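Undergrad: Copied straight from TrEMBL:
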TRANSMEM  B:29-49  transmembrane segment
TRANSMEM  B:55-75  transmembrane segment
TRANSMEM  B:82-101  transmembrane segment
TRANSMEM  B:107-127  transmembrane segment
TRANSMEM  B:134-158  transmembrane segment
TRANSMEM  B:178-196  transmembrane segment
TRANSMEM  B:227-246  transmembrane segment
TRANSMEM  B:258-276  transmembrane segment
TRANSMEM  B:283-301  transmembrane segment
TRANSMEM  B:307-329  transmembrane segment
């Protein structure tokens with residue numbers, strides 16, 4: 001603060017200062033959160049495969065490795081967009097469960113529904129539930145956490161009231177739909193392809209379009225964004241509709257993958273989705289992070305959970321590992337941010 | 001007043017009459033709603049108005065009541081503690097494992113409380129010293145504490161606690177329908193009311209919720225206050241965990257799963273602002289009893305738990321929306337009052 005007065009010419013020098021030279025793209029890729037998580041995932045897979053080769057090399061093992069994270073991946077994708085706009089959506093688990101049951105019920109009632117239409121129904125229904133959340137948050141001007149906590153209860157309650165002790169079994173759904181859970185194209189499971197397509201589209205949109213950048217602007221400073229003329233209400237609403245739609249898609253994938261749906265489908269998914277996003281570098285305070293990071297976070301969480309029993313750690317400890325990972329990730333983020341800040345201060349004062 | 005237009009208008013000219021100030025609050029509204037629900041349930045549900053129902057109602061809400069005593073101040077500072085439900089589970093397991101190892105029950109209780117305090121200290125330290133958001137930290141420790149609890153005991157449960165202790169957890173005071181645990185609660189409540197509403201520390205809590213910077217400049221040790229609240233919250237959650245274990249006679253890793261949501265719902269319903277800075281314990285207690293009485297009445301009327309979940313959720317959403325709608329009306333009225341107050345000297349003079 002004091003040094004700026006002593007060195008008035010520093011502003012003019014800045015561009016020539018070697019300290020401000022842009023980092024090469026290669027260093028940036030290697031220093032990114034996404035890369036370190038990807039390395040962690042690969043390490044876990046490698047170690048687990050050494051212990052028990054079927055984890056990766058058997059046909060089923062390879063498929064499960066890719067299919068199981070796909071459901072969490074799409075839900076975390078929606079969650080990441082909501083968190084980037086400085087909200088949180090705790091109702092995703094309930095939306096997933098409700099949509100999964102709707103899909104099952106519709107198949108029982110109309111067995112001949114074309115499968116792509118079912119995906120659209122899932123997306124639309126989830127989006128509708130997300131719209132309820134978004135409207136309450138955006139127009140009520142109340143924190144998303146409380147609203148979505150309320151809808152977490154309400155949606156799950158509706159689900160239990162509707163389902164009771166019933167459940168949808170695999171025999172109730174057309175085999176073409178269930179095959180999606182096992183089918184592969186060029187060795188990659190169909191469900192994973194669907195999740196990856198969604199990921200690529202959203203990642204491109206958030207990174208390259210004006211609308212996508214507005215989510216970041218609103219998340220990093222809501223007041224400034226509004227003063228600048230961005231439509232905060234509209235973007236927050238969009239984020240929640242999108243998160244609901246992704247949870248709905250997750251519900252359809254869940255139905256296809258597991259074939260059995262009871263009233264507790266997706267219970268506790270909100271924690272995993274928030275965890276995946278946070279581990280992937282999406283800061284809970286909004287404005288930073290990428291959906292690719294969140295997707296890798298989802299991959300890491302699910303892979304660790306599947307690897308623990310193989311490594312001889314009872315799967316009771318899964319949750320403790322998830323908690324430690326979340327805490328580790330946010331502390332790491334904080335330390336890095338502080339160091340970065342310090343570096344920038346030093347550069348300015350030099 | 002009209003003759004002395006130049007006299008400065010004092011605080012009293014703007015203040016509401018004391019009756020209005022006491023009655024027209026969120027807290028009074030919730031207490032009124034609670035009374036309506038109690039009367040309504042007694043009239044509609046035949047078995048509701050009985051001593052046994054009252055006893056079970058109090059036994060059931062005791063866990064949430066205890067935890068809400070600290071959740072309320074934490075939310076008034078603008079933080080949140082999502083890890084309390086998991087801490088109930090963890091302290092239950094610690095208590096159970098200590099008992100299994102042959103330690104006497106009081107030692108087990110102390111151990112559980114220490115674990116609660118350490119867990120709360122961990123939360124508070126990460127939040128105030130590493131400067132992390134409470135939401136993110138306690139989502140992490142919510143998973144961590146639960147994970148340790150489930151990891152330690154797996155799917156097994158510790159049972160067979162001494163009869164005198166399990167009986168004490170369910171005992172009533174003499175012939176009255178009031179359970180013994182309520183004595184403990186009232187003692188802690190008096191402490192909490194003093195801490196939040198009548199001490200310097202408590203004024204600091206409200207000040208932090210309104211503005212951390214302003215609080216720091218007026219001499220409140222912001223970090224210390226927040227840290228202390230998290231330590232106390234962990235400790236009281238552990239105490240609730242011991243009670244929970246003795247009441248049901250079983251220590252399990254998955255005890256009280258999802259309890260944090262119920263506590264937060266009750267606290268918000270009781271008038272604590274989710275933005276921090278406002279709230280009072282009588283409203284919070286009414287909020288806890290409101291949810292408790294509703295679910296107890298519905299259960300007696302053979303309504304299933306899912307409908308209770310729907311009602312809890314809708315109540316929660318409605319209460320926060322209602323307060324923001326009310327605030328909007330109040331702001332409009334204040335703006336109009338201000339406009340007429342500023343115009344008055346011009347018209348009279």
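Note: Cβ is positioned from N, Cα and C throughout, glycine not excepted.
A TrEMBL annotation is a machine prediction, not a hand-curated record.
Describe the structural context of each listed feature in the structure shown, including burial, neighbouring residues and relevant distances.
TA: If you look at the transmembrane segment (B:29-49), the same-chain residues 6 or more away from its ends with a CB under 8 A from one of its CBs are 269-271, 282-283, 286-287, 289-290, 293-294, 296-297, 300-301.
For the transmembrane segment (B:82-101), same-chain residues at least 6 beyond its ends with a Cβ under 8 Å from one of its own Cβ atoms are 63, 67, 71, 107-109, 111-113, 115-116, 119-120, 123, 135, 138-139, 141-146, 148-150, 152-153, 157-158, 161, 233-234, 237-242, 244-245, 251-261, 263-264.
Within the chain, the transmembrane segment (B:107-127) has long-range Cβ neighbours (under 8 A, six or more residues past its boundaries) at 79, 81, 83, 87, 90-92, 94-96, 98-99, 133-134, 137-138, 141, 145, 226-239, 241-242.
Listed by sequence, the residues of this chain that lie at least six past the ends of the transmembrane segment (B:227-246) yet keep a Cβ under 8 A from its Cβ atoms are 62-63, 66-67, 69-71, 73-74, 77, 79, 81, 83-85, 87-92, 94-96, 108-109, 112-113, 115-121, 123-125, 127-128, 161, 165-166, 168-169, 181, 188, 201, 205, 255-256.
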Undergrad: Are there residues at least 6 beyond the ends of the transmembrane segment (B:178-196) whose Cβ is under 8 Å from a Cβ of it, and what are they?
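TA: Sequence-distant neighbours of the transmembrane segment (B:178-196): 54-55, 58-59, 62, 65-66, 69-70, 72-73, 76, 168-172, 202, 205, 236, 243, 247, 281, 285.
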